[in-house]
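Visitor: The domain 'GMPS ATP-PPase' annotation in TrEMBL covers 215-416. The ATP binding site feature in TrEMBL is assigned to S243, G244, G245, V246, D247, S248, T249.
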Amino acid sequence: MASSILSDMFASGGEKPVLILDFGSQYTHLITRRIRQLSILTVCITGTSPLHAIAALNPCVIILSGGPNSVHANDAPSFPNGFLQYAEENGVPVLGICYGMQLLVQKLGGKVADGEKHEYGKMVITVVEEESEFFGSEASGEIQTVWMSHGDEALRLPEGFKVVARSLQGSVAAIENPSKKLYGLQFHPEVTHSPKGMESLRHFLIDVCGVPAEWNMEDVLQEQIKHVRSMVGPDEHVICGLSGGVDSTVAAMLVHKAIGDRLHCLFVDNGLLRYQERERVMSSFRNELHLPVTCIDASENFLGKLKGVKDPERKRKIIGEEFIRVFEGFAPKVGEEVGRNPSFLVQGTLYPDVIESCPPPGSGRNHSHTIKSHHNVGGLPERMNLKLIEPLKLLFKDEVRQLGKFLNVPESFLKRHPFPGPGLAVRVLGDVTEGNALNILREVDEIFIQAIKDAGLYDSIWQAFAVFLPVRTVGVQGDQRTHANAVVLRAITSEDGMTADWYYFDHKFLIDVVSKICNQVRGVNRVCQDITSKPPATVEWE
C-alpha cells in the first residue's frame, strides 16, 4: 500500500529519497526518523514490493532493514528478482542492516548459518579495515559499543566483499563491496544504544553516497503547493474535511494557499466528538484561522450505522465509509453555489497512518503487520467519487507541526494533542451506542485534560485521553453499594507516535483527578491508569 501511495510523488524524477525496504524489524521506522533528522528525505515501503514500485520511487540509496526471520525459512521475505541488478545498473548504493545484511550475503552466494554464540543487546565491535567506507579511514582500530539482535551470522562472504568490523567474540559485524556499492551491518546503528551510529550513518549517506542534506519543511511546503496545483485544474474545486486537529488544519491551510477560495471546508459532527468539541472547533476556525467552514450534524447516521458493532476494525471501516458519503453528499451543494461539483477531497493522512495500515504477514501480500486500519487509509471504501489529495502523507506528526508554523497556523492548533479520526468510537470499547457510554467518557476526558492543563503539563505530554471499559465494578459511594463503570486514563510522551512511553504523573495529581472523576461523573466508580508503552501497546485502545 505504501509504495502505491508514495510512488506518484517521485515518478516525475524530482526528489530522490533514501528508500528503506522493511523486512519487519521493530526498529525499521526508527531508521526513517533518524535519517530525516539528517535533513534527508527518507521513505519506507515493504521489503517485498515489486521492482517497478521500487524503481518508481527513484531512490538515491536503498537500505534493507532488519527483521525477525531467518533467511533460511521457507517463507523468509526477500527483495524482488532483479533488485540487485537494478541497483548496480543505476548506481544505487545498498546498505543491509542485520537481516538485510544476511539477505545480501545469501543472495550473492555467501553462507549464512545459525551462529554458535547469538548476540543480543549491547556488544563491542572493532573496526578492522583501514579503508572502510562506511566507518571512514580514521576509524581503523576503533572500538565501538553497538546494539546487536541476531542469531544467524555470515560465515562466508560473497566474492568481492571484505570484513570491515568484527564483534568481540569474532563474528562478522560489518562488510563492504565498494566497487558494487554494497554494504552490510550486523548491528543497528539507528538505536541510541549504538552511540556512534548516527555519526556513521551521516558519514555513509552524505560523505560516501553524496546524498544532499537539503530536505526541510520550507521546501516540502513549496513542493506540495506545486503538487496540489498540478493535480487540481484551474477551474476545479476541492472539499476538505476538517476535524479541528493539527493534521487536517495544516492540510487545509496548505491547500488553501495553493488554490485559494476553491477550497470548501466541512466539519462533520459524527456524534463521536469530545466534550463541547463542535462549539470550540467552529469558534476557532472562524476567529483564529479565518477559514469558511460548513458544519454538518451527521451524528444520527454515524451512530445508527455503529449500533451493535463491537469489532474495532469494523467500527473504523464504517466510520471511514460514512465520512466519504457525507463528503460526497456535500459536493453537489457546493456545485449549486459555484457551478461545478468538487472532484477532490483533502485528507490529513500522515506517514504513520500509511505505515500502520499495511497488510499483515503470512497473508500472501507482504510481511508487514496491520496494526489498525486508519479511517482515512485502510478505512476508505473501495469506490469513491472523489479523488484524494493527501499533502502530508510523507510526514510524521512533529514534521506536520513544523510545516504548520510556516503556514502561520496558530500555536493553539499546533500544540493540540492528536485526536483519532474515528473519535471516541475507538475509546469506548465495544458498542459505542450502548447506555450512556459516550457522555460518561466525554465528562471523564474533560476533567482529565483540564486537570493536565491546570497543572501546566499539557505541552509536556504528546497525547492524553480517557477510555471507557465495557465492564461494571462494585464500589461504595455515599455509604451505598454501587455497580458502575470503570474508566482508564492514558497519557504518553512521543516524538512521532510510532513509539511512545507512558507519562509519569505525580501521585497527588492522580489522587486529585480520580477524586474529581468519581465525585463528578455519575456512573463511574473506578479509575485505572494505563502504563503501557508503544510497543507492545498502541496509543489508542482500539
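Each Cβ is built from the backbone N, Cα and C atoms, and glycine gets one as well.
A TrEMBL annotation is a machine prediction, not a hand-curated record.
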Visitor: What same-chain residues, at least 6 away in sequence, bring their CB to under 8 Å of the CB of T249 (ATP binding site)?
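Guide: Set apart from T249 (ATP binding site) by at least 6 residues yet with Cβ under 8 Å, we have L242, L289, G348, G404, V409, F413.
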Visitor: Give the sequence-ordered set of same-chain residues, not counting S243, G244, G245, V246, D247, S248, T249, with Cβ within 8 Å of the centre of the Cβ atoms defining the ATP site.
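Guide: Leaving out the recorded residues gives L242, V250, A251, G348, F413, R416, F419.
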Visitor: Below 8 Å Cβ to Cβ and six or more residues apart, same chain only. Which residues does that give for G244 (ATP binding site)?
Guide: F267, E277, R280, V281, S284, F285, R416, F419
